[in-house]
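In what follows, a structure is listed as structure tokens, so that the remarks can point back to it.
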Amino acid sequence: MLLSSLARLHLPLEGNTSLEDFIKSSSATLVGPAYYSTSECSSFMTTSGDIGLGDFIKSSSATLIWSAYYCTSECSSSMTTSGMSASKRTTSSSTTATTGKLSTASTFMPSTVSGCSTDDYPEGGEILESPNLRIFTFAELKSACRGFRAETVLGEGGFGKVYKGWVDMNPAKGSTATVVAVKKLNPESVQGMEQWQSEVNFLGRISHPNLVKLLGYCMEDSELMLVYEFMAKGSLENHLFRRGAVYEPLSWSLRLKIVIGAARGLAFLHSSERQIIYRDFKASNILLDSHFNAKLSDFGLAKHGPDDGESHVTTRVMGTYGYAAPEYVSTGHLYVKSDVYGFGVVLLEMLCGLRALDPSRPSEKLNLVNWAKPLLADRRRLSQLMDSRLEGQYHARGAFHAAQLTLKCLSGEPKSRPSMKEVVEALEQIESMKSKSKSREARRDSPSMPRGRGNSPRSDSGRTNSRGR
């Protein structure tokens with residue numbers, strides 16, 4: 001369902017239920033977008049925001065497509081319906097009726113009001129009661145992406161293609177065009193619709209400095225598109241594994257900055273009242289802005305965490321092999337800490353500069369986790385797996401602590417893995433080691449320091465270099 005996270009109570013309706021039978025009270029309002037088609041016209045009509053239901057229904061043959069969400073002044077919960085048709089034109093505000101069967105399938109309820117943040121969410125994050133998204137027309141986005149020409153393609157996958165576009169986000173103010181990324185779903189993609197809905201559902205309602213911002217969407221006939229902020233430096237995957245002038249090797253400090261940002265984004269998702277499991281944490285889903293700030297993207301597989309008292313949710317196995325946690329792959333049991341395993345794989349890739357899975361490697365090294373674990377545990381052998389593109393320029397003690405953290409994240413048992421909050425704290429401590437080392441080096445190299453035989457400049461014993469490897 002398009003915005004199922006807005007509903008705590010679900011109203012299952014069988015067959016064609018009249019709109020009148022669904023409306024709970026005269027104060028019912030529509031929350032978020034809904035889509036209607038009529039027998040006279042195959043095109044879609046859309047509305048958003050809180051409006052009277054009677055003003056929204058366009059004709060006696062109006063049929064609701066996907067889902068609509070309604071709330072009443074009597075109850076802060078929401079109700080949902082789908083596949084519903086209106087048998088009569090609804091213009092009266094005095095509509096009353098039955099509510100049908102109610103189930104108590106609880107879903108995510110935000111603990112903040114629309115547009116407000118809460119101290120419970122770290123690093124400036126917020127959760128909205130309803131998506132605050134712009135609805136684009138197909139014509140707008142086709143023009144923005146220069147007719148979807150090949151030279152505007154940023155990436156491609158099973159879902160379709162991502163294009164670079166230019167849109168005016170504030171036409172009334174005469175603002176200049178904003179660079180955006182437009183994901184155009186392949187109409188033949190089996191998972192496309194479900195993942196498109198999940199993106200709107202989750203990313204349309206959450207905001208955090210380390211999550212890619214969803215600006216809007218388009219839904220016209222068979223065309224489904226999502227519009228995101230543009231991330232100038234592309235993905236972490238490209239910088240770690242691709243070669244060429246465009247992708248210069250990432251320094252140790254930049255790698256730490258990126259994984260700390262990604263960890264903060266994941267920690268935010270896990271900190272919400274109803275935890276959000278990202279389910280597809282991998283290097284290609286970590287995007288970088290012009291300053292190498294990391295932001296998580298692609299929420300097509302995101303899922304709500306377990307209800308109170310439950311340890312996991314059971315679901316079909318989806319994601320990317322090599323990053324998916326072993327308990328999820330083998331049983332379909334998805335834990336919040338299944339995300340932590342995926343983070344551990346990316347942390348390992350950051351250390352090694354190698355992909356999680358690579359058929360071109362020797363068989364013993366095909367699976368990076370299996371090959372690297374013994375080396376991660378041995379301080380003396382750790383240098384054997386460190387990325388050669390670092391050229392030895394990394395803080396040795398910090399690298400060892402990062403290796404130990406990686407091992408904890410890759411634990412076979414979910415309960416043995418740290419929380420993402422603990423991961424963030426550990427990475428920040430590792431980053432501070434680098435900063436302290438730099439300050440010590442600066443003091444040693446200061447001209448004001450006496451430089452007798454016992455004070456000659458030397459390399460920090462906590463730092464390794466290519467000659468010492």
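The backbone N, Cα and C atoms fix where each Cβ goes, and this holds for glycine too.
Heads up, TrEMBL stuff is auto-annotated, nobody curated it.
For Lys184, the entry in TrEMBL reads ATP binding site. The annotation compositional bias 'Basic and acidic residues' is assigned in TrEMBL to 414-424, 431-446. Look at TrEMBL and you will find 456-469 tagged as compositional bias 'Polar residues'. For 148-430, the entry in TrEMBL reads domain 'Protein kinase'. The region 'Disordered' annotation in TrEMBL covers 79-99, 412-469.
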DSSP three-state assignment for the residue listed as 'ATP binding site': strand
Arithmetic mean of per-residue pLDDT over the domain 'Protein kinase' (148-430): 91
Within the compositional bias 'Basic and acidic residues' (414-424), residues counted as helix, strand or coil by DSSP: 8 helix, 0 strand, 3 coil
